[in-house]
Amino acid sequence: MAKAATPKETAAVKKPAAPKKAATAKTTAVVATGAVGRVTQVIGAVVDVAFEEGQLPQILNALETDNKGNRLVLEVAQHLGENAVRTIAMDSTEGLVRGQSVTDTGGPISVPVGKETLGRIMNVIGEPVDEAGPVETSSRRAIHQDAPAYVEQSTEAQILVTGIKVVDLLAPYAKGGKIGLFGGAGVGKTVLIMELINNVAKAHGGYSVFAGVGERTREGNDLYHEMIESGVNKHGGGEGSKAALVYGQMNEPPGARARVALTGLTIAEHFRDEGQDVLFFVDNIFRFTQAGSEVSALLGRIPSAVGYQPTLATDMGQMQERITTTTKGSITSVQAIYVPADDLTDPAPATSFAHLDATTVLSRSIAEKGIYPAVDPLDSTSRMLDPMIVGEEHYEVSRKVQSTLQRYKALQDIIAILGMDELSEEDKVAVARARKIERFLSQPFFVAEVFTGSPGKLVALEDTIKGFKGLVNGEYDHLPEAAFYMVGSIDEAIEKAKKLAAEAA
């Protein structure tokens, strides 16, 4: 890679071009910061810029231009030859004209980092968008960083308790790990991520970073106001704020959506390197891939499977490998991942599976039964579900719950054709228990209180294990199914059963 320019070389830019021969010898060695180029072509989010010989910016450098009074940042994606570069715009390119001057900043996009970002909303290039004045910070950091080396990484296994029964019991989250929430449209990914922010971020003493990648602006706005109301953030940031928000929503050009996750991650990395335990929420990783696929064709790359960019695995890997726990501090990341047409084998969700410590799969068939969170207990996995980590009792209970549910699933065809009466007594008991377990896996959420009217519940891990242990051992076979629906602990289910019995009497 060519070296950065010295002040002398930068000054030399303004002189007339040297004779052809001398310039050719220099092109490989000189990369001038502050070099000025001209726009030669604009195709949507992709802009071509030509530079003088010997002034070619490096790949991933940020270029800046003025677009009708607004600062427009372009990121170099390709060298085209003939001293021309192809760039991706971080904002709308409407109004750009050929021949317009573009300046090389000499480095990648850099964003403000540090405590001053807490309580603020920023866009992909680190500009505040919450109308609360500039982000007063002296430290900035480039959004493109190398992943920490093996020696720096920490491998401690510890559980992060969420207070959500189905998660804590069957697919527990790792502290300092990567968690994926998979689901199609409208099965509750965003509600679940908001509940995790509510349960984990509020109880968590450290800092949180939320990256809104290509999702609804309304949800981003709601989250901002909820955080202020609940005391996680102060209006306009400042002392007492605990979360930084970075948004590149649905209405943004693909350049912004393809980079905004890296902007959020850069802020989280800075806190981690200062020794903090950081929570990093991303909604939605699929939009990061989708934005990459949008610009990929414009960059002239041949599409890969299902029309995705050929660099899909590389793009995902470069980002995911940076989300890691080091000996200095930890990043626990929760990522919502949209599943197109409910197809988990689609390349976008399938590529992210390999990077995760725990996967929570949301299922439409469970949502149709009115069971929320609509987590599929048989499809969700976690590397933390190991007797050496969670303990023998937790492991045994969770495996018994899964085997009971699996047995019910296997019997469903028989029930549909022949009915319940044709089952053996043993199978009837298993089906009755499985139906109670299914309902007991539901739980009222704090963030859904406004829709459901029922107050949210946070269930301690001991209570979750106790309740399900009793269920699989048949201690609650006498209670009706309805008693287990939308309650917190098993004691609440018993209370509800008494109420139902009193009403029926």
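Quick reminder: no glycine exception, Cβ is built from N, Cα and C everywhere.
Some features that Swiss-Prot has for this protein:
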REGION    1-25  region 'Disordered'
BINDING   Gly183, Gly184, Ala185, Gly186, Val187, Gly188, Lys189, Thr190  ATP binding site
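Listed in chain order, the extra residues whose Cβ falls within 8 Å of the Cβ center of the ATP site residues Gly183, Gly184, Ala185, Gly186, Val187, Gly188, Lys189, Thr190 are Tyr338, Leu362, Ala367, Ala374.
Ranked by how many other Cβ atoms sit within 10 Å of their Cβ, the binding-site residues Ala185, Val187 place Ala185 at the bottom. Sorted by the number of other CB atoms within 10 A, the binding-site residues Gly183, Gly184, Gly186, Gly188 start with Gly186, the lowest. In this view, the densest Cβ surroundings among the binding-site residues Lys189, Thr190 belong to Lys189, judged by other Cβ atoms lying within 10 Å. Under DSSP, Thr190 (ATP binding site) is assigned to a helix (H, G or I) in the three-state scheme. According to DSSP, Gly183 (ATP binding site) sits within a strand segment.
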